[in-house]
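As written in TrEMBL, here are the features:
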DOMAIN    B:6-66  domain 'HTH tetR-type'
DNA_BIND  B:29-48  DNA-binding region
2 protein chains.
Amino acid sequence: MVGVRQFNEDEVIATALDVFWRKGLHDATMQDLAAATGVQRGSLYNAYGDKEAIFLRAFDQYTGQFLEAAGHALAHADTTTALRNFFDMIIVNMTDGSPARGCLTTRTALDAAISSTEVRQRVQDVLDRLEQLIGKTLSAGPGRRRAADTNRLARVFVTFTRGLAVMERAGYSRKQLKESAATFVDAVMGA
Amino acid sequence: MVGVRQFNEDEVIATALDVFWRKGLHDATMQDLAAATGVQRGSLYNAYGDKEAIFLRAFDQYTGQFLEAAGHALAHADTTTALRNFFDMIIVNMTDGSPARGCLTTRTALDAAISSTEVRQRVQDVLDRLEQLIGKTLSAGPGRRRAADTNRLARVFVTFTRGLAVMERAGYSRKQLKESAATFVDAVMGA
DNA sequence: ACCATTCTTGACATGATTGTCAATCATGAC
DNA sequence: GTCATGATTGACAATCATGTCAAGAATGGT
């Protein structure tokens with residue numbers, strides 16, 4: 001190598017993720033990314049092409065972390081406990097920081113200005129994979145459910161997590177979100 | 001009156017609502033509003049002050065329609081039927097148009113760039129009132145629930161409607177959303 | 001008819017953001 | 001040490017959006 005990149009790519013992407021998480025793909029500017037990473041705008045363009053390319057990398061990092069944490073939380077023998085762990089995890093995830101950063105996936109899904117197929121695809125991928133994780137947990141439980149019913153129920157759980165993300169944005173506190181999640185789990189799994 | 005306004009305010013607000021619904025508060029520009037309404041940008045500024053003022057009027061019109069439709073759908077003797085009607089209504093509401101417009105309340109809640117207290121307050125108001133409507137329906141049913149439990153459950157329903165709105169944005173079809181809603185109602189109310 | 005009032009219109013100033021580019025700089029290979 | 005390579009930098013052009021304003025137009029009251 002001759003012309004050597006002056007910055008650590010992983011660090012830059014991690015920092016970019018933080019910026020995107022706080023501001024969203026649309027509202028985060030290259031200026032913001034440059035300021036946060038300490039890398040000049042021009043260098044970012046040179047290294048990645050455009051903002052969306054940076055976002056895709058950051059988002060991949062995010063979903064990797066998120067799905068791993070989800071899998072971890074769901075890894076409990078008792079299905080109901082697993083689900084409670086899971087909801088605890090995602091609620092902490094979205095109410096963390098000050099001000100809270102919310103859920104990046106949900107924010108991205110709602111960003112109307114994003115027509116990019118790539119981005120949309122990634123959002124669908126996360127939701128899909130999350131549905132599969134939850135489905136696995138549900139079917140591992142005391143099973144008197146048909147496979148199709150399990151799948152449908154898994155999607156209901158995913159949908160509810162999205163609802164929590166919106167409620168967080170609307171101003172509900174971590175405590176309120178946890179209460180709703182608990183009520184939901186009890187109602188669905190049978191209190 | 002001497003200098004007479006050249007446009008019908010109700011029509012302008014209705015058209016503005018359509019624009020905001022399709023593009024969101026942030027992405028809809030005064031240019032868009034001017035083009036859609038046929039009223040010059042300058043006239044809009046003169047009449048309303050700024051974009052947010054127009055949005056607030058349009059949003060009030062929207063929530064009025066929405067809550068009325070919700071109340072109507074929920075007005076059924078059988079609680080489960082009422083809830084199914086309600087979900088049918090909101091799903092049609094958010095998947096209507098081509099491309100579908102989604103849920104304006106949810107989009108607005110997620111719009112990070114909006115720090116305006118006024119707008120945030122309206123979003124909370126809609127969700128609050130919706131929660132009350134659903135709470136009334138739940139408590140009207142065969143009641144062996146404590147009031148606190150009813151309130152909690154009503155919020156779970158509201159949260160789920162928000163989840164549906166996100167799923168719609170993520171690309172799920174009307175049919176898929178209806179299936180999820182049906183599964184949800186069955187699971188919570190006891191299939 | 002006249003006039004005061006208010007709306008309308010197009011132009012303007014401003015600021016933000018994107019993306020490009022040529023000049024410069026640093027470095028590792030030889 | 002020289003040099004080719006590729007990163008860095010700051011400037012630049014092009015859009016796009018907001019909000020303001022002065023001049024012009026239309027109208028109802030007198």
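The count begins at 1 with the first shown residue.
Including glycine, each Cβ sits where the backbone N, Cα and C put it.
Counted with DSSP, the domain 'HTH tetR-type' (B:6-66) comes out as 51 helix, 0 strand, 10 coil. Across the DNA-binding region (B:29-48), mean pLDDT in this model comes to 95.
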